[in-house]
Amino acid sequence: MSSVVVVGTQWGDEGKGKITDFLSENAEAIARYQGGNNAGHTIKFDGVTYKLHLIPSGIFYKEKISVIGNGMVVDPKALVEELKYLHDKGVDTSNLRISNRAHIILPYHIRIDEADEERKGANKIGTTKKGIGPAYMDKAARVGIRIIDLLDKETFKEKLEHNLGEKNRLLERFYELEGFKLEDILDEYYEYGQQFKEYVCDTSVVLNDALDDGKRVLFEGAQGVMLDIDQGTYPFVTSSNPIAGGVTIGSGVGPSKINHVVGVAKAYTTRVGDGPFPTELFDSIGDTIREVGHEYGTTTGRPRRVGWFDSVVVRHARRVSGLTDLSLTLLDVLTGIETLKICVAYKLDGKTITEFPASLKDLARCEPVYEELPGWTEDITGVTSLDDLPVNCRHYMERIAQLTGVQVSMFSVGPDRAQTHVIKSVWRLA
């Protein structure tokens, strides 16, 4: 039995899809355990670029099981569209399994999400307006509708009718927006469910059976540790738990069956949406990194905010996710920058702190303490091993490992699969 969890160590968009796709080659099952179609991942497979939002990266390997876990919230319409997108490109999706316990996103969740973000004005969270938060709210309030409910029209109608009474009052009286009629949703969404019912099952059984049979299972996180609802920059976070601990809740696999946790980190830092970002750059270097790194959101198309690598953030990720390995991505983007900076600590009211503060007021007053390292000018996109990297690039990686306390086991120097390199296998048994 061998299992690996892939988590983002920053604010998402670290390149988890690429690393998951790379590690999928040696996995026999790949599972997502939280989030929804608010997170996009870009995968290049057999020379073709795919952009997915719901379906796990493992879908391209027809001999491997690809799982949408119970901890996810699934927009049935978006799922049907994504399946069609893959089918139109000739991708076989018969290896997909969808948890019957996953909750669904309905049109009222999306409308409430949009209305609430608009109402907040300057205090907005910066959500993708995909209905994720409201769907998780319903789940916590025990009024959510699960995929198993969607597949039974009588049950779906009963629950939908009950929820529409409450949601329409909220939309009409509080937000002053038009509500929904039962017939607006019932038949359309029931039909979506019928289109993917062949994939629906108890995925906890599927995953545990795979592990018990000695198979390799890969768990794919969405977003990142700093967007975790408990451990992130609350309230500027997502509504689920991207940290490694979310795996056990969102997949139905116990913690004793998790072997390694790979934290994916960019060689710099980015963020989409509002919220604190201590190392954010507002100068020409930030603009250069954004353009060279194509830093625009997969889901929203919004320009990402860009900053220097923050070891305080990644140390926090190491602690709360129990990272065993680090995968450093987009090293090539830093090529040509004369002097690189790594944030090693923060200054808060004149005092040096090395741990990430919980208070946003404190965080707003934090000033990054930087360590400068010489950059490199050599093109590294064609390297095939660690030894091929320029000395300054290797020193940069070594310093990140020292500051974060996590060994760098993988690094990537470009978007293609061949540009990802392994220093130490994360599939090791010890």
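Every residue, even glycine, has its Cβ placed from backbone N, Cα and C.
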According to Swiss-Prot, which candidate in ARG97, ARG173, ARG302 joins ASP13, GLU14, GLY15, LYS16, ASN38, ALA39, GLY40, HIS41, THR128, ARG142, GLN223, THR238 at the IMP site: ARG302
Residue with minimal Cβ packing [other Cβ atoms within 10 Å] among the binding-site residues ASN38, THR128, GLN223: THR128
Other CB atoms, at most 10 A from the CB of GLY15 (GTP binding site): 23
Neighbouring C-beta atoms (10 Å sphere around the C-beta of ARG302 (IMP binding site)): 13
Euclidean distance between Cα atoms of THR300 (substrate binding site) and HIS41 (active site, proton donor), Å: 12
